[in-house]
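In Swiss-Prot this protein carries:
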- 18-38: transmembrane segment (TRANSMEM)
- Glu41, Gly46, Pro443: Ca(2+) binding site (BINDING)
- His64, His380: Fe(II)-heme a binding site (BINDING)
- 66-86: transmembrane segment (TRANSMEM)
- 103-123: transmembrane segment (TRANSMEM)
- 148-168: transmembrane segment (TRANSMEM)
- 186-206: transmembrane segment (TRANSMEM)
- 237-257: transmembrane segment (TRANSMEM)
- His243, His292, His293: Cu cation binding site (BINDING)
- Tyr247: O2 binding site (BINDING)
- 269-289: transmembrane segment (TRANSMEM)
- 312-332: transmembrane segment (TRANSMEM)
- 340-360: transmembrane segment (TRANSMEM)
- His370, Asp371: Mg(2+) binding site (BINDING)
- His378: heme a3 binding site (BINDING)
- 379-399: transmembrane segment (TRANSMEM)
- 414-434: transmembrane segment (TRANSMEM)
- 447-467: transmembrane segment (TRANSMEM)
Amino acid sequence: MTNLVRWLFSTNHKDIGTLYFIFGAIAGVMGTCFSVLIRMELARPGDQILGGNHQLYNVLITAHAFLMIFFMVMPAMIGGFGNWFVPILIGAPDMAFPRLNNISFWLLPPSLLLLLSSALVEVGSGTGWTVYPPLSGITSHSGGAVDLAIFSLHLSGVSSILGSINFITTIFNMRGPGMTMHRLPLFVWSVLVTAFLLLLSLPVLAGAITMLLTDRNFNTTFFDPAGGGDPILYQHLFWFFGHPEVYILILPGFGIISHIVSTFSRKPVFGYLGMVYAMISIGVLGFLVWAHHMFTVGLDVDTRAYFTAATMIIAVPTGIKIFSWIATMWGGSIQYKTPMLFAVGFIFLFTIGGLTGIVLANSGLDIALHDTYYVVAHFHYVLSMGAVFALFAGFYYWVGKIFGRTYPETLGQIHFWITFFGVNLTFFPMHFLGLSGMPRRIPDYPDAYAGWNALSSFGSYISVVGIRRFFVVVAITSSSGKNKRCAESPWAVEQNPTTLEWLVQSPPAFHTFGELPTIKETQGELQTRK
């Protein structure tokens, strides 16, 4: 009973972080299964495994997106790494609102159940993650499936907003003595910016899907031209949330990568303040570019010109981050342990994803590329190889601190190489498919596209083998087998202590700090003084 009480009613940031990780892993496996089903259907032209049920194909696409975004990346990045390490990194005893933290987590399992049950009601919700009306309207999806999906989004949104409030309060008010804002570790900064993005964007999504709910059930016409509404209004509202959302997914990853590159290059991050302001700029600009998802809906030409220019400007702070990571590695004595491999892979692949993003930012080109596989390739390069690689990198970097045991290095490196090969083989051919005009969200295609699709599907099977390696690593590390106990500082940062988590035992005590640590000087400040 005590164990049940410990995990059900926990107010400890580490326990809640662990719950988020377990939840994210379960949702991630489910989302991966859906993606493999999608790739099996697309492996050859014609109907393969779904027997011509094209609505079911769209339900799979929708579920895959929701699971990966709202139930895997966000819980693991913000809920998992955020809860586990933000309090430790700032020298705080716990989060500001521990019980709010608990309810933030426990809103997610019911939300997941609602999403999964929506697939079982009538024909499921085959709207794509954007849930555009009129397809999501009562005439096109007459059952309760879309309503259940909307309620699922509401719950997960409430969870995220409560979590954001908690992080903002914690970071502003609970820093240890001497831990000024300009001394905050970059991961903490990234979580802070992310929390503000969530707080400002999620209420807009909530408004949009609530209006959709009343359109479906109470005969309002917010998005129905017959009653003076406009479906384009929904798109504006959705993307005003949806674009900051993609930065919410990647920003904590930026923070994690900064820590890893610094640790394994044996030097402080190049241009710390520049990194901080770059993240803040990305956060602000993220709210000013939403309509680049809507270049094909008939926006005015000067509107399109503005959104093209604004979107390209986002590349500037992103470029500052990329070059600062490279400058951090420049001249460092680099150790290519598994976390560093994932970090370097992240930088390389995220840059490719960013380049295709610059291509899509051109409103003229986007007319041709919108809703083709080029877009799918673009956002999977920044998510499937950006956010997910950052998750893996963070896992290998901090796993000793979490479990108190070292991971098997060779298996970790095998996991990296299989996954790296698999995801590139899956998503690189999609650029060619998109340039040839293959449309997204369609379960069949002309024979001309068969070659690249076969290759892409083969790549996704390889990725699954890589992810199985990962769970082998987790199993070995978490069991008390041969792997040795983890030192306080497994990456030998004693000579170069950069952040507080390497000064506490592994795993940290239930209450991390007996007394709050006082910060005298950071490594970066020391460097500058020299």
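Residue positions begin at 1 at the first shown residue.
Glycine is no exception: its Cβ is also placed from the backbone N, Cα and C atoms.
The structure, with features from Swiss-Prot marked on it.
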residue: Glu41; record: Ca(2+) binding site; contacts (Cβ under 8 Å, 6+ apart): Asp47, Gln48, Ile49, Leu50, Tyr57, Leu60, Pro443
residue: His243; record: Cu cation binding site; contacts (Cβ under 8 Å, 6+ apart): Gly286, Phe287, Val289, Trp290, His292, His293
residue: Tyr247; record: O2 binding site; contacts (Cβ under 8 Å, 6+ apart): Thr194, Leu197, Ile282, Gly283, Gly286
residue: His370; record: Mg(2+) binding site; contacts (Cβ under 8 Å, 6+ apart): Phe295, Thr296
residue: Asp371; record: Mg(2+) binding site; contacts (Cβ under 8 Å, 6+ apart): Thr296, Pro439, Arg440, Arg441
residue: His378; record: heme a3 binding site; contacts (Cβ under 8 Å, 6+ apart): Gly353, Thr356, Gly357, Val359, Leu360
residue: His380; record: Fe(II)-heme a binding site; contacts (Cβ under 8 Å, 6+ apart): Gly353, Val423, Thr426, Phe427, Met430
Can you list, in sequence order, the residues of the same chain other than Glu41, Gly46, Pro443 whose CB lies within 8 Å of the CB centroid of the Ca(2+) site? Leu42, Arg44, Pro45, Asp47, Gln48, Ile49, Leu50, Tyr57, Asp444
Other residues near the Cu cation site, CB within 8 A of the CB centroid of His243, His292, His293? Trp239, Gly242, Val289, Trp290, Ala291, Met294, Phe307, Thr311
How many Å lie between the Cα of His64 (Fe(II)-heme a binding site) and the Cα of Gly46 (Ca(2+) binding site)? 22
Do we see three or more Cβ pairs under 8 Å linking the transmembrane segment (269-289) and the transmembrane segment (186-206), pairs being at least 6 apart in sequence? yes
State the residues, same chain only, that lie 6 or more residues beyond the ends of the transmembrane segment (414-434) and have a CB under 8 A from a CB inside it; answer 'none' if no residue qualifies. 39, 338, 341-342, 345, 349, 356, 369, 372-377, 380-381, 384-385, 392, 449, 452-453, 455-467, 469-470, 473
The transmembrane segment (447-467): which same-chain residues, six or more beyond its ends, come within Cβ distance under 8 Å? 29, 32, 35-36, 39-40, 42-45, 415, 418-419, 421-427, 429-430, 432-433, 436, 438
Near the transmembrane segment (312-332), which residues from the same chain, at least 6 beyond its ends, have a CB less than 8 A from one of its CBs? 254, 257-258, 261-262, 264-271, 274-275, 277-279, 281-282, 285-286, 289, 343, 347, 350-351, 354, 357-358, 361
Under 8 Å Cβ to Cβ from Gly46 (Ca(2+) binding site), same chain, six or more residues apart: give me those in sequence order, or none if nothing qualifies. Asp444
Taking every protein chain in this structure into account, which of the binding-site residues His64, His292, His293 has the most other Cβ atoms within 10 Å of its Cβ? His292
Give the one range among 66-86, 148-168, 237-257, 379-399 whose Cβ atoms make the most pairs under 8 Å with those of the transmembrane segment (186-206). 237-257
Same-chain residues at least 6 beyond the ends of the transmembrane segment (148-168) with a Cβ under 8 Å from one of its Cβ atoms are 62, 66, 70-71, 74, 78-79, 82, 86, 95-97, 100-101, 103-105, 107-108, 110-112, 114-115, 117-118, 121, 125, 127, 131, 191-192, 194-196, 198-199, 202-203, 205-206, 209-210, 212-213
The answer for the transmembrane segment (66-86), taking Cβ pairs under 8 Å and residues 6+ beyond its ends, is 13-14, 16-18, 20-21, 23-25, 27-28, 30-31, 34-35, 92, 95, 101, 104-105, 108, 111-112, 115, 129, 149, 152-153, 156, 160, 163, 167, 170-171, 187-188, 191, 194-195, 198, 245, 248-249, 252-253, 256, 383, 387-388, 390-391, 394, 398, 402, 501
Are there residues at least 6 beyond the ends of the transmembrane segment (379-399) whose Cβ is under 8 Å from a Cβ of it, and what are they? 68, 73, 76-77, 81, 84-85, 246, 249-250, 252-254, 256-257, 259-260, 263, 337-340, 342-343, 345-346, 349-350, 352-354, 356-357, 407, 412, 415-416, 419, 423-424, 426-427, 430, 470, 477, 491, 501
Look up Asp371 (Mg(2+) binding site) in the DSSP assignment and report helix, strand or coil. coil
Coarse DSSP state, helix versus strand versus coil, of Pro443 (Ca(2+) binding site): coil
